[in-house]
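**Q** What follows is a structure written as structure tokens; I'll ask about it next.
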Amino acid sequence: MHKTERGDAMTALQQQDPEIFSLIQQEEVRQHNKIRLIASENYVSSAVLEATGSILTNKYSEGYPGKRYYEGQQLIDQIESIAIDRAKAVFGAEHVNVQPYSGSPANMAVYLAFLKPGDTILGMALPHGGHLTHGSKVSISGKYFNAVSYALNEEGILDYEEIRNKALECKPKILIAGHSAYPRILDFAKFREIADEVGALLMVDMAHFAGLVAGGVHPSPFPYADVVTTTTHKSLRGPRGAMIMCKAEYAKAIDKAVFPGMQGGPHDSTTAAIAVALKEASTDSFKKYTAQVVENAASLADVLIEKGFNLVTGGTENHLMLIDLSNKNITGKQAAKALDAAGIVLNCNSVPFDKRKPFDPSGIRLGTCAITSRGFAKAEMVILGNMMDRVVNNFEDSAVLAEIAQEVQALCDKFPAPGLEHIAK
């Protein structure tokens, strides 16, 4: 069992609320002891954690730098301006808004800026790798707007001619390029051509691969996109926040949609943490990190394919993989539960043309961002792939799962996670 040691800040929490302190402590141990493969998760640095938990949470800052409704903003304005400037430098954006609370509100703000209720949007279908906010009928994006979806072909690949035909048919006001479970690189130039042909704005949701873009290992949506949204966690290794980047001509509409359209004051501690993460993303070490993320994904994919796993699209070009387990006599939920018991954490996920229900789908989704942050490389991908194969083949054998969990913890002990270096046996 691991113990954690903290300074005065955690001691104060322990004294004030030992119940919450204990749960946080247990979560720290869990994050250390487990191999975390959830594609949308990562480990942030101690510097990002420090900014996130700073006294900036005490401040209220409605408005934008130089145009606030409350006084006492001199330092907050500097912090937000630094975050904006760093985002522009990292991504080459003309305008940046760093205030959205998370990815979904960021996407909603874009719709608020350019659409009226009932207008048409065209995005990737959720069961084929899209996101709830790209027009799913259970999301506000699918309730307030006429949401049309494009799908993948039988090989699990985007068919740009089919997307073009859909766009010509429905004439969307916004064409959305982005995903939450698509392991291939998007062709932004083709999306731009389609958008221009039908007179649509091109919105790119790069929440999953923003860090890869920053690191130069994934094509950039600039200058093709009119608007780009992203979360600041996932592959970017920042806090739980979001950004909207756009061409200068859309700056006023975007800013007005975020505030006062969607939300009140920004979370200043998050803004500071975004600035810190963007500084980290501008370094050579971050470029090496993102290259390793992609290399690890490819290496793990090779091992899993060799073990007979059916990877949707036959592999990966980014950080994530989607695996169809139909040939393994196990459902996605069963696999996710068994892997978790063995110390390997990921999520069950629908696959294209899935015949099973969303809460008990045929597939699993995994990504390599978090394990790469720990220092895992090719050798560990071989070990991990073999572990996953053993779990799937013995998913009902609790003794085997417990044995693998011990192996996982031993492996994790060799690779301390960022922000959790204080954990010791």
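Just so you know, glycine gets a Cβ as well, placed from its N, Cα and C.
Dumping what Swiss-Prot says about this protein:
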type	residues	note
BINDING	Leu126, Gly130, His131, Leu132	(6S)-5,6,7,8-tetrahydrofolate binding site
SITE	His233	site 'Plays an important role in substrate specificity'
MOD_RES	Lys234	N6-(pyridoxal phosphate)lysine
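Structural setting of the listed features?
**A** Sequence-distant neighbours of Leu126 ((6S)-5,6,7,8-tetrahydrofolate binding site) (same chain, 6+ residues apart, CB-CB distance under 8 A): Leu132, His134, Ser136, Ser149, Ser350.
Every protein chain shown contributes to the tally, and the Cβ of His233 (site 'Plays an important role in substrate specificity') ends up with 26 other Cβ atoms within 10 Å.
For Lys234 (N6-(pyridoxal phosphate)lysine), the same-chain residues lying six or more positions away in sequence with a CB closer than 8 A to its CB are Ala39, Ser40, Glu41, Asn42, Ala207, His208, Ala210, Gly211, Cys369.
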**Q** DSSP on Lys234 (N6-(pyridoxal phosphate)lysine), three-state: which is it?
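**A** DSSP assigns Lys234 (N6-(pyridoxal phosphate)lysine) to helix.
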**Q** Which residue among the binding-site residues Gly130, His131, Leu132 has the fewest other Cβ atoms within 10 Å of its Cβ, if you could check?
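**A** Least crowded of the binding-site residues Gly130, His131, Leu132, by Cβ count within 10 Å, is Leu132.
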**Q** Could you name the residues, excluding Leu126, Gly130, His131, Leu132, of the same chain that surround the (6S)-5,6,7,8-tetrahydrofolate site, i.e. Cβ within 8 Å of the Cβ centre of those residues, in sequence order?
**A** Gly123, Met124, Ala125, Thr133, His134, Gly135, Ser136, Ser139, Ser180
**Q** Whole-number Å only: compute the distance from the Cα of His233 (site 'Plays an important role in substrate specificity') to the Cα of Gly130 ((6S)-5,6,7,8-tetrahydrofolate binding site).
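**A** Gly130 ((6S)-5,6,7,8-tetrahydrofolate binding site) has its Cα 18 Å from the Cα of His233 (site 'Plays an important role in substrate specificity').
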